[in-house]
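Taken verbatim from TrEMBL:
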- 279-289: compositional bias 'Acidic residues' (COMPBIAS)
- 27-526: domain 'Major facilitator superfamily (MFS) profile' (DOMAIN)
- 274-295: region 'Disordered' (REGION)
- 22-48: transmembrane segment (TRANSMEM)
- 103-122: transmembrane segment (TRANSMEM)
- 166-193: transmembrane segment (TRANSMEM)
- 216-235: transmembrane segment (TRANSMEM)
- 391-410: transmembrane segment (TRANSMEM)
- 422-441: transmembrane segment (TRANSMEM)
- 461-482: transmembrane segment (TRANSMEM)
- 503-522: transmembrane segment (TRANSMEM)
Amino acid sequence: MVGTQQQPLQVLNALDVAKTQWYHFTAIVIAGMGFFTDAYDLFCISLVTKLLGRIYYTVPGSPTPGILPPNVSAAVNGVAFCGTLSGQLFFGWLGDKMGRKKVYGMTLMMMVLCSLASGLSFGHTPKTVMGTLCFFRFWLGFGIGGDYPLSATIMSEYANKKTRGAFIAAVFAMQGFGILAGGLIAIVISSVFRARFPSPAYAVDPAASVPPQADYVWRIILMFGSVPAGVTYYWRLKMPETARYTALVAKNAKQAAADMSKVLQVEITEEQGKSLEEMSGENDSDETSDSMRTRRHESQYGLFSSEFVRRHGKHLLGTTMTWLLLDIAFYSQNLFQKDIFTAVGWIPKAKTMSAIDELFKIARAQTLIALCGTVPGYWFTVGLIDIIGRFWIQIVGFFMMSAFMLGLAIPYEHWTTSGNQIGFVVMYAFTFFFANFGPNSTTFIVPAEIFPARLRSTCHGISAASGKIGAIIGSFGFLYLAQNPDPAKTDHGYPPGIGVRNSLFLLAGCNILGLLFTFLVPESKGKSLEEMSGENESNRTSV
């Protein structure tokens, strides 16, 4: 008995060995601009929360500027993550049922509309403005959630196996530019308004420190997220369905061959594109046909089957847990780094600044971190992932994040003393560098490579949704945990917490756990998607 691979998979082999072409880069830009928008929309809210507190929650006569109440702050920061989690699960499942292309435009249009609506949040009271803002940010997150599994799956199914990791990483690396753009846009907008409408510090004149025009500032920053998404909408609709979905899920390898011949400029013959049904009909042996039908039936196991658990159960556990643990640490840092900067004195006390001055300085600090730590980390991954491999980048990333967080936490009193704040910021930037040259990139890449085509988008969505549970824990939990243990030193309205130092110890522990769960995830460097998922075995027949 000799095993021979079914002919329809020749179209997939053509994709695996295809030379890097212009269309690959086009796909990176089209998918990547979605991630640029995702990151901008998710992280720009952390830039404007202090401003929102001053505009809507300042108490007349208070010695300090207003801040968002704990429940409002948690809702504004976390509601988009709740929407993202829901969108990842829903659109991940829908991408496997309807196809990647059909669903891809829906997610982008939701992002465009809800970005605009977030900036137009209406009402005359703080409660109505915050309520409508949260409503639209939930649905913004829902659209963003769909972008995760679809972009990753589309890029992995278009790429050749030699550079697949770099291509998927390049899509995800656009997230770094999105974070950077959020800071830069906030700097530009705040600079323009600061020059046009100068205002004194809160300590000098509390009422005048928040000019009426400040209400436009946060709205413009939020609405700008619709621009990059809208620009790429047309090109998303023009992308053909991926060959792997067409051949392996829709069972039409001939159409897959025709699509890929056009976009990759690779000659794929009609013989190579025959459908599974045509190929099985060429052999009249009842025994062989029965064997093929049996093997094909066995290969169509579902997500909740014992066969899936046997083949991919530990892989799914590994991808979900590593993403969950990474995002607890990553989003805690990213969303609340402005609070850490204030705690170590890198951003002045709020009462010494006007509302727009404070926004400018928060944006400048976050932009510096993005420029020095976040963006380079992503592109180190792009350059090295197909050389070092996913496994070692993730292991080293988790380890170094733990080391730098402990380096911040253990001598925390040293970092908070005058003259040492710059050292703290440098150490903090390194944790972002190794998050992005590490698990923040690899947890996105690997789920798009190791699961079967008919479940790939679904499993990526589950893994990503697990990460967003971590983001919710981070954004809600760290808000309270990082409060000073002394009730007299907590932010207004917050109960005492465990402090920034102990919170950093907890985050380091999450990273160590993430390192251990990495051992459940297989290395996919240099292997075809069918080899990783076991679909090659399902397309072999006995002759």
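Using the three backbone atoms N, Cα and C, a Cβ is placed for every residue, glycine included.
Keep in mind the model is a prediction, meaning the values are calculated, not measured.
Per-stretch counts of Cβ pairs under 8 Å to the transmembrane segment (503-522) identify 391-410 as the leading one among 22-48, 166-193, 216-235, 391-410, 461-482. Between the transmembrane segment (216-235) and the transmembrane segment (391-410) there are fewer than 3 Cβ pairs closer than 8 Å, counting only pairs 6 or more residues apart in sequence, which means the two stretches are not in contact. Looking just at the domain 'Major facilitator superfamily (MFS) profile' (27-526), the mean pLDDT is 85. Among residues of the same chain six or more beyond the transmembrane segment (22-48), those with a C-beta under 8 A of the stretch's C-beta atoms are 76-77, 80-81, 84, 107-108, 111, 115, 137, 140-141, 144, 147-148, 151, 154-155, 158-159, 163, 167, 170-179, 181-183, 185-186, 217-218, 221-222, 224-225, 228-229, 231-232, 235-236, 239, 263-265, 334-338, 359, 362-363, 366.
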